[in-house]
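Novice: One structure is given below, represented as structure tokens, and several questions about it will come after.
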Amino acid sequence: MNGSLHCDGMPMEILREDLRQEFGHGSSPTFVYSHSTLVANTHSYTSALDTLGSRGVLSYSLKANSNPALLKVLREAGVSMATCVSGNEVLMALKVGFPAHQIILNGNGKRRWEVELAVKKGSLLNVDSLFDAHQIIQVARTHVVVEEKKKARVLLRLNPAIDAHTHPYLATALTHSKFGVEKSQVEQVLQVLYEARDSVNVEGVHIHIGSAVTRIILYTKLMTAALTTLDQIRRSGWTAASTINLGGGLDVSYIPPSNNFHTTPTADYPSSSNNLDTTSSANSSSNKTDTIQSADSPTSVLTTTHTPDFPPRNVNTSQNGRVVTSTYKAAGYNTTTPTTTTSSEHHIMYPANGVPLPPPPPSQSSSLASPGELVNSLLPLLPSDVVLILEPGRSIVATAGVHGGDMTSVTGVFYEYLTGVVMTEVVGVKSSGGKQFVVVDAAMTEVIRPALYGARHVITPVTIQARGAAEEEKNTAAGITEESAGGGVVETSAGNGVMVEEEESAGGIKQESAGGVIKSSSAAGAAEGGGVVEVDVVGPVCECSDVLCKGCVLPSLPSPGAALVVWTAGAYCSTMASHYNLRPHAPEVIVSGPGRYKVIRRPQQFEEVIGNCVWE
């Protein structure tokens, strides 16, 4: 075995086997989240907002992922507010401990009971339209007069008519968008609200431009528009209004970072049957703890130390040299002698054939804006008496990982944290019309983004085997030859783990289309002399649009039963899951260290799927 994906130091194959023992066929597909990356992504925002002190507020958007266990992790990591788009999301935020006054109810079509809930609890509401203003006023007047409570707290949601240069379905601030109050109607809405000032208090302005935004300049335009509207609000009578909520929307890389996979072997790792508590039943959550967990346990692809609350920045081999020379070498790896740098000592892993692992490719993430860059761009525009709220979702829970260290040389150490993925099992392989299909047990019912708006999700194997063993197993199981498996046109680049072809218009706008092709290459596979194969990875549901990855390039044709992962599936996947074809919702797991994970959503049983049906 050449290597296996790890999540916070836990080999995915071991996690997979442990879940299979506990849940049987219900164990796949599974959503897997990394505790380390969730915390790190949250810290990237809180660190940026720290420059504003109490005037910088982080609110998490529940629509991205609303699992309560995940929400608790984010709260503990520093998220102070919750942005919701339904009454049930408000109830969830309350249930996990967000104070009512630190909850925002957004939405262009709030139902009366949802408005009543937010008003009674003292939460913020975004006024999205004239009719929305009237409904909030009606509820607030009843609430204030009958129950003698405080006024309804609102922000005015502005539609600034700014193009986010993203997929049309993700652009929420265009002229024809269904969201927000257009500029020409702001004065009218403010007048209506002012006439109800005995029951309503306008605290500021809200803008959300959309999702998958890559251009910082757009946020400076949003800030300018927000300041203009805030001035209108103050001139309309709410002189104390001081809040600007710029929403979220920062894009993430849908390409796994660096050499994305398969460089830490799983040899000598404690097996689940011997060292993990597997006594919990299918009807209970699991909290697995490895009894021999130590600082020596590898946490990610090339690191062997772990800081529980934040990804490591260095690797110190004073504690882990033994692991490199025993565990890794026993698995068929050679190692160099320690290379001393100004910051740390580290071992570099080599595949069994002695070819050094390539440096990571230039990452798409390098062109994406960071929270720090976002906040820094806004600082010159932000008045000293204004509170800034950011409400990310995707950029906290979606990402496939982070990396650091010397990214230019094979003598450098880089890190990867696997989070927000769907682990799925290969059902079988078939060919039709000269195209090869890898059918997996995950589907658009778990990952709808490719079908919904042509989103691209990289898919890779959980484990890459040695060339000979992989070929023998593949040929035996599938009855195919090396030549047939190696068909398809593939773009490769020495040292590049994953590449994505992007279509760009003359204006530089990234277009995500269902016909987009992901091109990836495995440097490890190339080093072993193996080819790669281009396939469509598809699910089993009865829709032609159930394609998880079109033109996906894998190191080899996987065998039935092999595990794959769909990367960057932490946002807008589990929350958009469906019961189509009566498929149950998939289990969800959060991993917090080697041998330690918790089932945060157990697999649904058939009776639970149909539980609300009336039979008589």
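For all residues, glycine too, the Cβ spot is worked out from N, Cα and C.
According to TrEMBL, the protein has these features:
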- Cys542: active site, proton donor (ACT_SITE)
- 271-291: compositional bias 'Low complexity' (COMPBIAS)
- 292-307: compositional bias 'Polar residues' (COMPBIAS)
- 43-257: domain 'Orn/DAP/Arg decarboxylase 2 N-terminal' (DOMAIN)
- 419-479: domain 'Orn/DAP/Arg decarboxylase 2 C-terminal' (DOMAIN)
- Lys63: N6-(pyridoxal phosphate)lysine (MOD_RES)
- 263-321: region 'Disordered' (REGION)
Novice: Cα-Cα, whole number of Å: Lys63 (N6-(pyridoxal phosphate)lysine) versus the residue listed as 'active site, proton donor'?
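Specialist: Rounded to a whole number, the Cα-Cα distance is 27 Å.
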Novice: Among all the protein chains here, how many other CB atoms are within 10 A of the CB of Lys63 (N6-(pyridoxal phosphate)lysine)?
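Specialist: For Lys63 (N6-(pyridoxal phosphate)lysine), the 10 Å Cβ neighbour count is 21.
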Novice: Kindly state the mean pLDDT of the domain 'Orn/DAP/Arg decarboxylase 2 N-terminal' (43-257) in the predicted structure.
Specialist: 88
Novice: Only counting partners 6 or more residues apart, tell me which same-chain residues put their Cβ under 8 Å from the Cβ of the residue listed as 'active site, proton donor'.
Specialist: Asn581
Novice: Please report the three-state DSSP label of Lys63 (N6-(pyridoxal phosphate)lysine).
Specialist: coil
